[in-house]
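As annotated by Swiss-Prot, signal peptide applies to 1-23, with the evidence given as experimental evidence. Swiss-Prot lists 26, 57, 117, 129, 253, 284 with the feature N-linked glycosylation site. Taken from Swiss-Prot, the feature active site applies to 184, supported by similarity to another entry.
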């Protein structure tokens, strides 16, 4: 696995107002396994976390940048043959806004306005605007649902290959794989752990209702965790998730093990008054915590 070593320095310089070329984060399937995948996700979180703040000891993503050039991160994904695609990631929410293959770039419908600026994202490429968004509703509308699409090394290889070859008939399915294995894994440590556990050989797994429930409720969890800071950590509104066995799982406060050990990133929500703590430039992981969440809540 290849991860750009200079990205942290670049991000720090950008934070202090130096305008330099954006850095890339790389992940290659050649030699990839659970450990290299964890390193990749940790690096992505580290870049997203620089210059941010924390609530309930969880990183809250940025909601403004000092320069438009800092709005997107580039992530290079390589398949087993070494073919490369580049994802454009919005640092505000970890959404994939588009991708680049060769000299051709594609941007999702309803992406942030800055994503359509060719000088900011994939400069010099031949641009095509897709007719659908990167949301699951649109991606699943003409293809299989998340519960029917396997995740793993081989599905990721197929997804990268389809995008590299510009096979538009497979774009939606390919992005369902990529978004979960990149964006959702960055947001949720518990999803990262589930994926990493299954990254060996030809092994795959299909997301169950517990994982899909987490993905669908990231915004709600982000909002309640931040609003709870004025209420002693108690959520103003309960968040109801679903366990793997189909039982409702109610999250009431920010001390819940799932919140403290399962969530890595929060989307910034403005409807609150919160006291922040400044984050450092490192991201600590705990495999033991992952197992604790799985055991306590039966999510996996």
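Cβ atoms here come from the backbone N, Cα and C positions, even for glycine.
On a predicted model such as this, the values are computed, not experimentally measured, just so you know.
Between the CA atoms of the residue listed as 'active site' and residue 26 (N-linked glycosylation site) there is a gap of 17 Å. Taking only the Cα positions, the spacing between residue 117 (N-linked glycosylation site) and residue 129 (N-linked glycosylation site) is 12 angstrom. Ranked by Cα separation from residue 253 (N-linked glycosylation site), the glycosylation sites 26, 57, 129 are led by 57. Residues near residue 129 (N-linked glycosylation site) in space but far in sequence (CB under 8 A, at least 6 apart, same chain), listed by position: 106, 107, 109, 116. Least packed by the Cβ count within 10 Å, out of the glycosylation sites 26, 57, 117, 253, is 57. Here the Cβ of residue 184 (active site) has 21 other Cβ atoms within 10 Å, regardless of which shown protein chain they belong to.
The secondary structure of residue 117 (N-linked glycosylation site), as reduced to three states from DSSP, is coil rather than helix or strand.
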